[in-house]
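Data block below; observations after.
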Amino acid sequence: MENDFSKPQRESAFGIIIMGAYTTFQIIKGTFFIFVIAFLKMQINDIIYVLLGAFAIILFSFVLAYLRYLKFTFFLNKEKQEFVVNKGIFNRDQVIIQLDKIQQVNINQNILQKIIGVYGLKIDTAGAHGEEVSIKAIDETAAYNLKAHLLNRDTAIDMQPEMEHENHLAEEAPFLRISGFTLFKVGLTSNYGQSLALLAAFFYTVIYEGRQLLDAFKINRDEIQSTVTGMLTIVTVFILIACLLIVLLIINLVRTFYKYFELEISQHKDALLLSSGLIAKKNTLISPNKVQITKYSQNYFQKKMHMLNMSLRQAHFGQSKKGHEMQGNTLEIPGCNPTERDELLKMILDEAPLKGKTFIPDWRFLNLPIFFKLILPVSVFLILAFNIPEVKPFIGIAIAYFAIGIMMIYISYRRHRISVNQDFIIKTSGIWDVSNEIVQPNKIQAITTFQYPWHKGVDVGHLSLHTAAGQIHFKYGNYTEIKKLVNYWLYQVESGNKDWM
Amino acid sequence: MSSDTSFTNETVDLDHLPKYEEILLKQPHPDYWKIICINLSVFFGLMGIGLGSILFFVDEVRPNAIWIVPLYFTVVIIFFLLFRLSFKKRGYAVRTHDVIYKSGIIAESTTIVPLNRIQHIELNEGIFSRIYKLGSLQVFTAGGQSGHIHISGIAIEEAKSIRDLLLKKLDLLENPATETEA
């Protein structure tokens with residue numbers, strides 16, 4: 001067994017199966033509903049063609065997978081400190097990754113990989129989107145060896161025996177472990193938004209595909225619509241909403257358990273190892289100094305239960321779709337208690353951040369949101385209501401909306417603050433989920449300050465700190481103080497030679 | 001230094017720190033205004049031709065010409081005024097340790113990029129810019145789209161010298177590492 005990866009090598013031969021299955025799965029996923037329609041609409045004797053077609057697809061994917069396997073090689077160039085991957089069936093692609101640009105290395109195992117007994121390895125870089133490398137099949141020792149090689153580039157030069165890394169990885173006791181009960185609490189109290197989006201996406205596909213099916217069967221759509229509307233009485237609506245809420249909670253719980261089951265964090269030399277997952281176990285190794293923004297958040301329920309969610313944001317580059325890329329480079333740690341949080345913060349930031357001098361926004365912070373989110377829509381609504389009698393009974397809702405809106409905006413104003421000391425910038429914000437984002441001044445990439453001309457007289461202005469993992473805004477602050485802060489941060493960034501990753 | 005004496009301790013120094021807001025900024029080259037005018041004229045010219053042909057050929061729209069034509073001209077005038085304003089407000093400066101760029105049509109925003117955070121630099125010359133020997137300089141950081149500076153309308157010679165200056169400083173900063181622009 002080669003341990004130092006210095007010669008070009010292929011992945012495990014099982015990779016053919018993994019990749020073949022993967023391609024087949026992708027194709028079938030894309031054409032699933034066509035298949036269903038075809039099956040239902042066709043005569044019995046035509047089904048043989050469909051099966052033949054399916055067989056052809058599978059064969060094709062496996063041939064592709066075999067070719068890909070043949071052409072996919074990787075090796076570690078020790079002198080240049082680079083990881084080189086050759087791939088491409090028809091065109092030759094070579095991906096070269098400098099070791100110090102590697103952000104994190106993930107070792108995953110999906111169900112198929114678990115059955116076969118191999119691991120998948122993914123390398124995230126700070127490079128543009130799509131440059132990341134994914135090795136689909138590699139056995140366990142090789143995976144961990146490679147990971148150690150990729151991340152401990154100093155030891156790669158030292159040529160330490162690899163077995164030591166092995167033991168090191170195995171023996172290290174995790175300092176943070178999230179129990180099943182904590183996860184249960186997390187599932188009950190957080191991430192509703194994401195689950196809701198998931199549910200909405202699910203319903204959307206069901207309705208969309210269902211409509212296509214109906215079209216295919218030429219079922220009368222009006223008939224269904226009339227039966228559905230006939231079923232909608234007030235009682236059923238309430239039952240339906242209750243069901244939806246319960247489903248939402250269950251989905252939330254399942255998602256939380258699926259993603260964070262047996263979440264453990266342990267420390268290795270100068271990196272943190274996060275592992276979690278119910279069916280597919282995910283291991284992530286990151287170096288703390290590559291974390292750009294450390295964030296912890298807590299809502300009212302979680303405060304009562306003494307737990308909070310943390311997320312570590314790493315650099316993301318390229319103009320990729322928002323959200324998607326961010327998610328990939330954000331590590332979530334749900335359900336820590338305050339002591340665990342402090343420990344983790346100490347590990348990432350070297351010391352527990354203290355809040356320094358706190359700056360609060362001017363009351364003018366309230367003006368724009370109150371005008372655009374409350375006064376404008378409510379007055380439009382009122383104008384409508386006084387002209388259209390049908391809308392009139394709903395005026396009460398508008399008043400409630402206004403009251404709740406004012407309260408929420410006021411809370412967000414009270415929570416919006418930034419506190420600065422020598423080593424940290426802590427931005428607090430949020431209405432329901434109160435979040436604290438912690439940035440070290442040396443992670444700042446650029447600073448923008450801006451001011452509207454009508455705020456010149458009252459000395460109010462805005463600040464954005466650009467980091468490689470997103471921006472931190474502080475709005476409606478005292479402009480003189482902001483300018484002072486900017487000068488101070490510039491001095492810190494420019495005089496110190498602390499790198500940002 | 002212990003962190004509990006952190007911020008107030010530094011206040012004395014703070015007042016002696018160089019102040020970015022007091023730097024005298026350089027305005028874009030006066031010829032750049034001509035380029036803005038050319039660009040705007042091309043844009044509005046095409047739009048005008050489009051509108052004109054619609055007004056001419058589509059009978060149903062023609063009665064609306066009474067308000068469409070004045071509206072068009074007001075928009076044109078407003079745009080020229082806004083761009084003139086923003087042109088006046090632009091300014092840039094290169095300090096020993098950072099690049100400053102100020103801009104904004106209504107809000108005045110100032111972006112500062114420390115030199116040791118620059119990822120790479122781009123110098124562009126457009127067709128019209130070339131006629132007037134102007135160029136635009138872009139400074140990229142790892143801060144993504146929002147954290148980058150785009151300075152237009154610098155005389156090409158000056159832009160090149162700024163670029164070389166920045167590159168030289170980048171090289172100096174990264175002297176030990178063999179890292180070039182990413």
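We count from 1, first residue shown onward.
Each Cβ is built from the backbone N, Cα and C atoms, and glycine gets one as well.
What you see is a predicted model, and the numbers here were worked out from it, not measured in a lab.
Some features that TrEMBL has for this protein:
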DOMAIN    A:79-149  domain 'YdbS-like PH'
DOMAIN    A:413-484  domain 'YdbS-like PH'
TRANSMEM  A:12-41  transmembrane segment
TRANSMEM  A:47-70  transmembrane segment
TRANSMEM  A:186-208  transmembrane segment
TRANSMEM  A:228-251  transmembrane segment
TRANSMEM  A:365-388  transmembrane segment
TRANSMEM  A:394-413  transmembrane segment
Positions on the same chain near the transmembrane segment (A:228-251), where near means CB under 8 A and six or more residues out: 187-188, 192, 195-196, 198-199
DSSP-derived helix, strand and coil totals, residue by residue, for the domain 'YdbS-like PH' (A:79-149): 19 helix, 32 strand, 20 coil
Predicted model, mean pLDDT over the domain 'YdbS-like PH' (A:79-149): 77
